[in-house]
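Working notes, structure below.
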Amino acid sequence: MITRLFAQLVSLSIVTYWNDAIVATNFSWLFITFFVMTFTFRTFSRYFKKPIIWTLYFFLCLIAFLLLWAARIHINILFSFAFGDVYSFFMAGVFLFYGFGELLPIGSDSDVGEASWVVNPATGASGSGGNGWTESAANDPAREVSLAPFPPQLTHPVPFPAEPGSPDPVSPPPPIASFYSRIERAESLHAGNIELAEDLQRIQEMERNLENERSPYRGRELAARIDWEVRELEGKVARNRAWDMVRDAQLDIWRQGLDQELVRQQENESRLEERRFQSHSTNSLFEADSSRDN
């Protein structure tokens with residue numbers, strides 16, 4: 001805020017010494033059209049993920065800026081003849097207190113971090129426009145979720161292998177033996193699926209709030225929050241997929257062990273049956289020899 005006010009005062013002192021109305025008007029249109037291009041690019045560029053689309057959109061905004069700058073002479077001539085110096089200083093004032101101030105940063109990171117927004121999980125009520133978001137109190141740190149700076153999880157790679165062809169960096173997977181104690185029962189698996197469904201529903205609700213958000217600053221904060229929630233959900237899905245793989249591997253081991261145990265039992269039964277047959281044959285021969293002796 002201090003830098004913005006300082007820039008406005010400096011610009012006002014410069015415009016004060018402008019005596020030519022056309023020069024002042026031209027410079028005002030230059031900065032106003034540049035502000036329109038910058039504001040449009042800054043508002044809609046977050047929807048483009050690929051660099052080539054981002055670059056093409058930048059040049060599109062630049063062409064629109066040049067067209068506005070080329071058309072300013074006709075507007076200047078019309079309004080300068082009608083209003084004279086009043087129009088000139090009016091355009092300069094618009095540039096001073098709106099255009100050039102908006103081109104500067106909004107302040108330090110601490111200024112951005114002061115605005116914290118949390119969703120009410122119980123009611124979903126809102127104190128600002130009914131969009132499901134409420135401004136949290138400073139004395140309630142348990143429910144306060146600051147959207148800037150980002151949580152430290154954003155700087156860490158996904159701790160499990162990603163899908164084939166994924167550009168996300170991943171860390172080496174943990175040893176498979178560490179997951180043997182994490183094999184859940186059917187109830188815990190169902191609870192995990194419910195948790196993933198709730199997270200997905202919360203992300204969809206935040207996306208609807210983002211579509212209805214009119215403030216560009218809160219929109220950017222909400223978009224950053226959505227990105228973080230999506231990364232968290234992807235991490236949970238990756239962990240569940242890894243646990244499923246480990247569970248399947250353990251079931252295969254148990255199935256192989258069961259098959260081997262069944263084979264051993266069949267071999268033992270075969271040996272026992274063979275011994276019984278040999279014993280029965282020996283007893284029959286002994287009884288036959290005894291009957292001959294008698």
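Cβ coordinates come from backbone N, Cα and C, glycine included.
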* Annotated range (Swiss-Prot: coiled coil) out of 152-183, 184-215 -> 184-215
* Structure fact -> Whole-number mean pLDDT, the coiled coil (184-215), equals 77
